[in-house]
Amino acid sequence: MMGNQSVRGALAGGGGWLAALPFAAYGLLSLAFHYPRFLPSFPFWLNPILIFYGLVLTGLLVGVMLGFPRWAYAFLFWAMITGWWLAGMRADGVLLARSLWVAVPVALVSGVLLRRSTQPLKRMLAGLWRDWTLLAFGFFTFIGWFVVLFDENHHPFLYGFILVATFLLVTAVWFYSRLQNPLARALVLVGGAAGVVIVDLINSLTWDWRAYYNLRDDGQLSYYSPLGLIAIAGLLGVMALTGYLTRRRNSKQTLNGV
């Protein structure tokens, strides 16, 4: 009995490792995506991409049923990104339905019906308003999705790049879930996001992707343009700003006795 209560308490709590789970799973997905020979032949419905989508949807459903603890935001963001990504995508020669993203609101509604309460959704929305670093967490998740996919990348050491980038993401999320100071949480995300971008930048600088795809050499060292790097720097600045503004607002509320 005590064991069940402790497990339920861990699931309903901050859950640093639970929040990091979809990031680690996405790293494994990227490995499977780039190294399919490591996996046996499976039917289409066991495609790693679909399994990952099922994982994040299941995590989201469980999160809603448990009242939407903090770790559930990780599954929410991943479910939204993956649903958008897969809509209309071709996997193993099969064109996926454009309505695949509908599974996200279905998971939310199903969780509410099973719990017989709309409180989890209210808590989810209240959390987004109360802690603006969750906006930074959403940006962080998107950057992680974009980089760790390493789409059309054939670097000879790609395996190592995927593992390093995934480790940086998982570590940043774990610390983000454990820290209490909003600014510190946001800066951890900024550091993790900057880290994976640097990993991707090193990847592009050490692999002749133009020669691989028979493209004309335009003199640009990396597929990251200067404008793109400026945009990323601006996004990282916004992420840090969410932590500063959240901490400032919390301090004012404390002084005012709110």
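Cβ coordinates come from backbone N, Cα and C, glycine included.
TrEMBL labels come from automatic prediction, so no person has curated them.
TrEMBL lists 12-33 (among others) with the feature transmembrane segment.
Look at TrEMBL and you will find 45-64 (among others) tagged as transmembrane segment.
Residues or ranges marked as transmembrane segment by TrEMBL: 71-87 (among others).
Note on the transmembrane segment (93-114): residues 44, 53, 57-58, 60-65, 76, 79-80, 83-84, 86-87, 120-121 of its chain, located 6 or more positions outside it, place their CB under 8 angstroms from a CB of the stretch. If you look up TrEMBL, you'll see 93-114 (among others) marked as transmembrane segment.
For 134-150 (among others), the entry in TrEMBL reads transmembrane segment.
As annotated by TrEMBL, transmembrane segment applies to 156-176 (among others).
Remote same-chain residues near the transmembrane segment (183-203) are listed as 133, 136-137, 139-140, 143-144, 147-148, 150, 153, 155, 158, 161, 164-165, 168-169, 171-173, 175-176, 222, 224, 232, 236, 239-244, 246-247 (criterion: CB distance under 8 Å, separation of at least six residues from the stretch ends). Under the heading transmembrane segment, TrEMBL lists 183-203 (among others).
Marked as transmembrane segment by TrEMBL: 223-245 (among others).
The stretches the transmembrane segment (71-87) and the transmembrane segment (12-33) are in mutual contact, each linked to the other by at least three Cβ pairs under 8 Å (pairs 6 or more apart in sequence). Only pairs six or more apart in sequence are counted, and the transmembrane segment (156-176) with the transmembrane segment (223-245) gives fewer than three Cβ pairs under 8 Å, not enough to call it a contact. Long-range contacts of the transmembrane segment (134-150) within its own chain (CB-CB distance under 8 A, at least 6 residues past either end) are made by residues 23, 26-27, 30, 33-34, 73-74, 77-78, 81-82, 85, 127-128, 158, 161-162, 165-166, 169, 172-173, 176, 186, 189-190, 192-193, 196-197, 199-200, 203, 232, 235, 238-240, 242-243.
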